[in-house]
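**Student:** TrEMBL lists these features:
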BINDING   PHE92, GLY93, SER94, ASP105, ILE106, ASP107, ASP160, TYR230  ATP binding site
BINDING   ASP105, ASP107, ASP160  Mg(2+) 2 binding site
BINDING   ASP105, ASP107  Mg(2+) 1 binding site
COMPBIAS  500-512  compositional bias 'Basic and acidic residues'
COMPBIAS  513-526  compositional bias 'Low complexity'
DOMAIN    13-207  domain 'Poly(A) polymerase nucleotidyltransferase'
DOMAIN    212-360  domain 'Poly(A) polymerase central'
DOMAIN    364-422  domain 'Poly(A) polymerase RNA-binding'
REGION    497-550  region 'Disordered'
REGION    555-574  region 'Disordered'
Amino acid sequence: MSSVQQNGHVRYGITEPISLGGPTKLDLIKTKALEKYLQDAGLYESNEEALRREEVLGRLDEIVKTWIKKISRDKGLSDETIEQANAKIFTFGSYRLKVHGPGADIDTLCVGPRYATRGNCFFGELHRMLSELPEVTELHSVPDAYVPLMGFKLNGVSIDLLYAKLPLWIIPEDLDLSQDSILENADEQTVRSLNGCRVTDQIFRLVPNIQSFRTTLRCIRFWAKKRGVYSNVSGFLGGINWALLVARICQLYPNALPNMLVSRFFRVYTQWRWPNPILLCSIDDEGSSSLGLQVWDPRRNPKDCLHKMPIITPAYPCMNSSYNVSASTLRIMTGEFQRGKDVCEAMEAKEADQWDTLFEPFGFFEAYKNYLQINISASNVDDLKKWRGWVESRFRQLTLMIERHTYDMLQCHPHPHGFQEDSRPLQCSLFMGLQRKQGVSAAGGKPFDIRITIEEFRNTVYGYMLWVPGMEVSVSHVMRRNIPSFVFPGGVRPLRKSKGTWDSKRSSEERVSSTGSSSTMTSLESKAGKKRKLGDDETLNNQSKSSKRLAVSVHVEKGEDGSPNSSAGSICSAPMKDYSTKSAGESHPVEKIAIVQASPSQESEEVEDNFGFRNQVVEKVSISAITSNGSSLSNRAVEVEELEDVPMQPPVETHKASVQQRKPIIKLNFTSLGTTNAKNIRAY
């Protein structure tokens, strides 16, 4: 499975490589620059920390060996069995791949014999032993997780400990987990727990150059975290997923250095046609006849056909490691792949000579106008930690529910991490950006009512088996301008979007390009209009009536902070730009067709439309909404509407004399959205 010898060279993977080309002198220089950048970014741990981790792992191995001896005696086994009783610690994940950074946790697996059960022995006796050790802190168990584990800190080093019970009386010190026979008579939880170590072993066998793989993976992990797409629990990709994606690129370019591998990473996955799977090797289903374990196969398993972005693990039983990905998160990641490709091409063309451009943080709270805020609270710190972990594990379900209930018309962007306000230590918040699906017109459409969706999500969350009084969750709809300040660095809200980032420059270029092409089109059509006669009065009146419904001009009054004043009292379903040539104090009727003229500077400014929305809170049992100032109004639907532009079109000609001076009208599809607020009702 590791490699195939063909035509004098070793082929890694299931296909021939795209290129066998080796590095140039420029590649060597750029790779050294990349490695220095990663070093300066603090992605490598010090020698002292590396030594401390080894000591901690040695101490953990001593603890589990003491534990298994005690279990053997308690079960009344023979003296010989007690003497030979053994449990062994294995590592996997980023630590085993050697791509971890300072302060990262260590993924570990404890392998025990057949008589050491997961419930009473691992989560019972071992948990008790660890709780009595002074060097162990922050101990917590998650026995009902898909892969059950214990988490704790040992001498300050974070440990995630899994357990695998093998059908053996004695665990040998030279145990090889890569053999498929290790899975015989193993329960499902053991198979899943063993999968991490087995996949890591296979990755080492399937990549041509381990060092290039590690440097490239460090870079991609750093990029994914900066761009907000590193989180398996939120529906993006986790560490093992990114490792498999990078490993496949290394197979396709076996002789390339990291700087080229990073560039090809974005190029390949920008063009990849999902849901075609990522495979490092052929799917091994031969063992299914003897072991009976199910492997990923959409031809046999209908559920596998529903996976959006299958990334298949190379160890038997081959599974889809990215089953959490949804339509919305896939769209976000493919957009980030495209951005990465554009940045790398600009770097190759010497337009961008710094890696900083690739690693610019994603401006999540600047990207959307509408957000959901999920507030999580508990009565004490321990309860909050458990409750938060549970709600975060269900956060992905909210994305799937919204997609399903709105028929994918409302797209979601979950933030991969939570936020906590210093003044409220017993509360934290999750956020999700919302927008209407691109290409779907809002004209004549109804606002999205997701009250039932939110209630379904809350019912799912409150099904937590360890729920205790004090554990609460509330969901509120907030506009961008009302995002709480504690989510921003230093608790300070930025005054305006940065104009010097790659994303802002590209957005400006696209707007200028769009405006230029539309102006050219309008100019050509205006010249052609001079050669045509106007139709009869009836035709002109029909055109005016039709345009009245779509082409509108609404004056937006700005507050002291430059944001629109919500007292203006008009609603429209597209982000508006103030193209009006009238004075600031003069407003425009909503249904009036206007001939707008604007300077380039005005056209490049975005004015946020905040009309008709207030902070809306969905409470337990009865769905209710509360205004941002706390006042309660009548119960109505929770309306979530993303405001977006529709293509520019030339103005309707109403007077011959004004044809030469006209600019294209921004056509706004608008929907009357009443303020949706209700009395705050809470039931227990």
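We number each residue from 1, going along the chain as drawn.
Glycine is treated like the rest: Cβ placed from N, Cα and C.
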**Student:** With an 8 Å cut-off on Cβ distance to the ASP105, ASP107, ASP160 Cβ center, who else from the chain surrounds the Mg(2+) 2 site?
**Tutor:** GLY93, TYR95, ILE106, THR108, GLY151, SER158, ILE159, LEU161
**Student:** For PHE92, TYR230, listed as binding-site residues, tell me which one has the smallest number of other Cβ atoms within 10 Å.
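**Tutor:** Minimum Cβ neighbour count within 10 Å, taken over the binding-site residues PHE92, TYR230, occurs at TYR230.
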**Student:** What count of other C-beta atoms do you get within 10 angstroms of the C-beta of SER94 (ATP binding site), across all chains shown?
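**Tutor:** Its Cβ has 22 other Cβ atoms within 10 Å.
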**Student:** If you average pLDDT over the domain 'Poly(A) polymerase nucleotidyltransferase' (13-207), what do you get?
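**Tutor:** Mean pLDDT for the domain 'Poly(A) polymerase nucleotidyltransferase' (13-207): 94.
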**Student:** What whole-number value in Å do you get for the largest C-alpha pair distance within PHE92, GLY93, SER94, ASP105, ILE106, ASP107, ASP160, TYR230, the residues recorded as binding ATP?
**Tutor:** 18
**Student:** Including all protein chains displayed, how many Cβ atoms other than that of ASP160 (ATP binding site) lie within 10 Å of its Cβ?
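**Tutor:** Other Cβ atoms within 10 Å of ASP160 (ATP binding site): 18.
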**Student:** Under 8 Å Cβ-Cβ from GLY93 (ATP binding site), six or more apart in the same chain: what's there?
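**Tutor:** Listed in sequence order: HIS100, ILE106, ASP107, GLY196, THR200, GLY239, ILE240.
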**Student:** Per DSSP, how many helix, strand and coil residues does the domain 'Poly(A) polymerase central' (212-360) have?
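**Tutor:** Tallying H, G and I as helix, E and B as strand, the rest coil: 77 helix, 6 strand, 66 coil.
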**Student:** Report, as a single number, how many Cβ atoms besides its own are within 10 Å of the Cβ of ASP105 (ATP binding site).
**Tutor:** 15
